[in-house]
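Going by TrEMBL, these are the annotated features:
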REGION    B:1-22  region 'Disordered'
COMPBIAS  B:1-16  compositional bias 'Polar residues'
TRANSMEM  B:46-68  transmembrane segment
TRANSMEM  B:88-109  transmembrane segment
TRANSMEM  B:139-165  transmembrane segment
TRANSMEM  B:177-202  transmembrane segment
TRANSMEM  B:214-234  transmembrane segment
TRANSMEM  B:305-327  transmembrane segment
Ligand SMILES: Nc1ncnc2c1ncn2[C@@H]1O[C@H](COP(=O)(O)OP(=O)(O)OP(=O)(O)O)[C@@H](O)[C@H]1O
Ligand SMILES: [Mg+2]
């Protein structure tokens, strides 16, 4: 299971003196969905281009399925699917013609070609519009066509650059479902995004990029713990002496960052779901418990909290593995 | 307005670079097939083709009329079809010299930049092919389309000729016409490669089209004037001796030959007028022993234009190589 599909070692890309990617170390295991996160200009696209051999690294090494993309670009590109940021098609051609061209480039043997194209269109639900010109397609349909385009070569690894940008919420959800389906088939996926809740919804692990460096890496929970002090946020509403309730909560082992967030409202972070302990503490302090909630942290919060810390200079590059 | 590509990264090819995996031409024929289908169905090409064919029919019609009235016994009747002009229509060969560059430019001015602007380039280059195959495929598709258009025109001429003149063309005539066809295709190849260079340099197809047309206009209208002026200033005539006159004329001709139009015109003259004995300045001594007006055999006419023909081909190759180098250095983010 834990076969490494993708590995970079001190991967660096400089544009003149500007460092776009700085000593990146990344490992993605087979069957995993990995999310590259970062603000605009963080270096996500540059990293992806280097993984595919479309841009040469300045230094460092890349291994994709055990191959070196700069030396064996053809082998890498025949096994890895790439869905670029804002993927484009030949608008005057039909969906089928667009895919046929890509299939010919691969090359898929002519006898199998029509069946493979149909199958790929079927898998993304575009079979009915196969003979429509792509110029008439909506953004969501184009994105799905992009996935069909990638699937046609039966890739073992798919790299997607901002796959849900520009999609409406419903189309995004559909798209994420498609990613899950691909994962179930055993395809490894690397995707970049700044739409955090979506990444959270599908990614097994994420890497947080900032100014060309991978500043955090791990599961969403690990990241939450590292940055926010816990993957679970517990909120409760209780009547009673605030001082007594707070100190009772503080005595419970595992609560961090306890704060009063409104009248009779308390919020805290924990590494586990500690709702029973919270209830017990409130009752022991003589409080009356009205509501008890637990949320898993959204990546959004991790993200903004992290960059707030960066601004205040309280963290340097650190990793969670 | 001339927005040049910002993403040209300074990327020196590392010296230790190992031999590339696989063939650089893998996938090229898929590109050729797709691009040719595009060319043949695009509205732009259809309009141009109709225009060329109409002009050709017009000039051939007039030429056949003229020929059947004047010269009845001529060994090279069919070649006269190419060269006979009658007001207001120019000769077919002159029409070609005008139209072929335009068709070639129309075929190539948006070949690379449109892939950028449609954001299809990174998707195509993420397939297991090299950039070489993409660029070469696009160039060959343009050249083949051009060849197809020209061949159709040639057939049209011979067809119309047989209909209107009522005689079959001779072998020598067909041979000369075929050589002229080859020269015409490579003359188009130069403009094709040039437009391709600009389509790599400029992100805006309109800029590339304008620049290509400007270069064509420069060579068509201004270069001969410039060559004359340059020759006058570089090799002035002080005493009016024959040597001075000759030196200036030779220099002017040499300069004029930097223009593909001159090379093509000379090729055209030598192939379509079998009487042509020399393309340079002819001295009376060189004419000794030659029967004036007697045609050269085809092989000698070809020998005469060999430098011009290789010049046309070499220019095509050099321009394509330039497009190739520029394209290799571009970073693909679209
Ligand atoms: N050809 C280039 N020359 C110089 N700098 C470049 C070049 N390409 C990218 N950069 C710089 O590299 C940095 C990383 O760019 P990259 O596109 O990888 O960011 P990104 O994380 O994908 O951002 P986004 O979310 O906007 O897509 C940016 O600051 C960009 O300005
Ligand atoms: Mg990007």
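Backbone N, Cα and C define each Cβ position, glycine as well.
Heads up, TrEMBL stuff is auto-annotated, nobody curated it.
Keep in mind that this is a model prediction, so the values were computed, not measured.
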**Item:** Beyond the flanks of the transmembrane segment (B:46-68) by at least 6 residues, Cβ under 8 Å
**Value:** 74, 77, 80-81, 84-86, 89-92, 95, 99, 102-103, 106, 149, 152-153, 156-157, 160-161, 164-165
**Prompt:** Do we see three or more Cβ pairs under 8 Å linking the transmembrane segment (B:305-327) and the transmembrane segment (B:177-202), pairs being at least 6 apart in sequence?
**Reply:** yes
**Fill in**
Given B:139-165, B:177-202, B:214-234, the one sharing the most C-beta pairs under 8 Å with the transmembrane segment (B:88-109) is B:177-202
**Item:** Cβ contacts under 8 Å made by the transmembrane segment (B:214-234) with residues that lie 6+ beyond its boundaries
**Value:** 101-102, 105, 191, 194, 248-249, 251-252, 255-256, 258-262
